[in-house]
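The block underneath contains the structure these notes are about, expressed in structure tokens.
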């Protein structure tokens with residue numbers, strides 16, 4: 001390689017460092033961000049960028065720096081976030097950018113870490129967020145029609161978009177000002193549904209593009225899932241795979257704004273997850289096929305605090321099986337394996353930005369892509385096996401390569417494989433749930449649970465029916481969202497009838513009451529007592545509840561409590577999707593029926609306890625009763641207790657097992673809706689999900705037949721030294737003595753590396769040079785600062801089987817394995833053990849061997 005070529009290569013390799021340094025310098029110089037057909041271009045240099053979504057209101061300001069640093073350590077260049085209109089302008093014209101809503105602080109935190117920002121303004125965001133991120137007051141603007149060529153909507157959308165842009169400009173946060181924002185997005189996945197709006201939809205889309213460009217941010221704008229996005233906007237791809245995506249112009253780069261790292265959880269659904277091997281395969285295929293910007297949706301999902309969930313029926317946890325979990329801990333092996341993929345991609349960056357891809361077939365379902373400069377000085381290659389069943393052996397550049405099914409091998413020098421997406425070098429972490437001496441294995445959470453059974457509880461009864469002076473009486477049944485404006489989840493429908501005893505809808509004192517509702521949850525009370533309840537689901541929120549009721553001579557009171565569980569957030573005209581009791585409401589018996597749908601109904605928005613702010617411990621209320629014999633398993637009741645925060649700095653959650661459905665507040669801050677009685681279906685889950693073959697949201701599910709969510713995150717910043725307050729509103733009935741606080745702890749770290757694995761990616765210092773001559777190695781590292789490897793629970797070199805926490809020796813096993821690993825690892829914060837017969841002896845010649853280790857840290 002000529003000296004000049006080496007110099008160019010070194011400059012390209014050092015470019016990310018230069019960018020990081022420039023961002024960390026206080027008032028950084030302005031950057032010129034453009035694009036060409038290959039990549040985003042920053043100050044004249046094409047960049048291969050890896051991005052990840054972190055939504056600022058789904059975590060806390062105290063968590064942001066750690067989340068961002070873990071993202072950087074995982075190999076990200078960019079943090080992507082939506083902007084959530086509803087939290088910033090809950091009341092029209094009154095803006096809020098404080099606390100978890102402090103967008104400027106979040107963007108500055110990203111800049112402080114030396115990363116870029118992609119700001120997705122929308123302002124429609126979907127995001128499984130309540131009403132798609134729109135404030136509900138927008139629905140009541142006269143003459144408005146959402147997301148179409150409607151002047152009222154466009155005026156409001158432009159006003160808020162300008163507010164966001166002006167706020168960013170005012171803080172100097174665009175790259176054109178020396179800030180970290182290099183990209184912005186207008187609208188969101190509109191192309192998925194724009195056909196429903198006809199010509200007006202196309203006109204609106206073009207208007208939105210023009211409006212965005214006119215704001216003069218100095219950085220490119222994108223539209224995702226919009227194949228006809230007009231120039232200069234870049235149309236981008238969202239999905240599980242985007243390697244086959246092509247931009248709508250030869251002048252635009254191939255960009256992937258949402259690579260779904262898992263899937264969201266719904267109340268009543270099983271827990272979805274996406275294997276690390278498949279996610280890595282999708283990423284590598286995208287860069288192989290010409291992509292240069294890829295974003296994980298989500299990289300950290302976080303928590304839907306308060307009433308922010310959309311859906312309806314989106315769960316409070318927005319973990320998303322992301323590389324950083326809901327609590328801010330790295331999820332292994334996903335985080336580590338993707339980190340290795342990113343390092344491999346970055347080793348290829350000089351070739352990816354300097355050359356056009358050249359594709360060739362290596363046989364059935366196998367493909368080589370080469371990026372090579374005209375003078376052959378720089379070359380990188382990707383070898384893919386897209387067969388979902390069979391491993392392949394291929395010839396490339398005179399060498400033989402083995403390609404596992406559904407995998408990509410990355411060769412930064414067109415010769416040496418530094419990574420194969422199906423071969424994980426990263427460690428696995430497991431945990432266990434310990435509760436008062438019992439121990440249950442769990443692959444996600446380790447939770448030490450001090451019970452609240454002996455805590456002193458106060459309670460307050462929430463009255464049934466109408467108690468407020470501002471109640472409204474009208475004939476007929478009113479749609480819920482138009483009535484409440486989403487001020488509360490709850491709307492009471494109340495009426496009464498007089499019974500003589502000979503009515504045709506009676507059978508003695510019995511009758512059947514039928515209530516039809518758009519959802520989402522319905523409870524029927526007759527004369528103050530619960531007579532029946534029903535719920536919809538994520539697939540259909542509709543309710544048709546028929547329940548036997550007992551009526552008494554004289555006046556009978558009928559109270560219906562309709563409850564929303566997040567407003568619709570996706571689809572054409574999603575803003576018009578209603579909720580609440582629509583009728584008929586009908587009493588029926590053997591000789592006739594009485595339709596109550598058109599009678600006078602009295603409506604009350606929200607609960608008495610909400611008006612009294614019972615969730616706020618700083619506001620005293622005479623409603624609270626302190627009694628050791630507090631009621632349990634009773635609907636419509638508030639509970640309150642005091643607790644001391646769990647010691648240490650481990651992430652905290654509350655286990656709501658034993659409760660029904662409700663909402664919880666810690667020191668006055670809502671940690672979200674809880675619903676541990678909503679169970680996943682009994683079927684559809686798999687013990688081990690095969691990563692090979694196309695992934696879908698229902699392919700890999702776990703926890704069938706179990707509650708969708710029992711653990712609810714309490715950020716440490718919500719807690720205070722000494723005494724803390726926990727308040728619950730319980731809608732269905734439960735026993736608060738069964739509630740427990742939990743802290744998340746890792747119990748084991750494991751790794752499984754074979755002789756066929758590439759060497760650790762960290763051993764490569766350039767596309768052509770490795771710092772070591774050794775082959776594959778097994779690496780372990782304790783997850784927390786200050787920990788050391790204290791115990792080797794299992795070690796086997798040969799043909800071991802099983803999974804972390806449940807390994808077994810195979811027929812072939814080295815007798816030296818445990819001693820060798822103990823010598824290398826015990827007492828160390830991290831260790832690396834060569835996977836070679838030279839290290840362990842050869843227990844079975846001619847057989848491909850693996851090293852498996854399970855260790856504990858303390």
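Any Cβ shown, glycine's included, is placed from N, Cα and C.
Listed features, source Swiss-Prot:
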SIGNAL    1-30  signal peptide
CARBOHYD  32  N-linked glycosylation site
ACT_SITE  189  active site, proton donor
ACT_SITE  258  active site, nucleophile
CARBOHYD  259  N-linked glycosylation site
CARBOHYD  482  N-linked glycosylation site
CARBOHYD  507  N-linked glycosylation site
CARBOHYD  595  N-linked glycosylation site
DOMAIN    772-858  domain 'SUEL-type lectin'
CARBOHYD  830  N-linked glycosylation site
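The structure, with features from Swiss-Prot marked on it.
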| residue | record | Cβ contacts under 8 Å, 6 or more apart |
| --- | --- | --- |
| 32 | N-linked glycosylation site | 42, 43, 44, 176 |
| 189 | active site, proton donor | 126, 224, 225, 226, 238 |
| 258 | active site, nucleophile | 53, 224, 237, 238, 239, 295, 297 |
| 259 | N-linked glycosylation site | 239, 240, 242, 279, 282, 283, 286, 294, 295, 296, 297 |
| 482 | N-linked glycosylation site | 139, 578 |
| 507 | N-linked glycosylation site | 589, 590 |
| 595 | N-linked glycosylation site | 584, 585, 586 |
| 830 | N-linked glycosylation site | 779, 780, 781, 782, 789 |
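In three-state terms derived from DSSP, residue 259 (N-linked glycosylation site) belongs to an extended strand segment.
Taking DSSP states H, G and I as helix and E and B as strand, the domain 'SUEL-type lectin' (772-858) has 13 helix, 35 strand, 39 coil.
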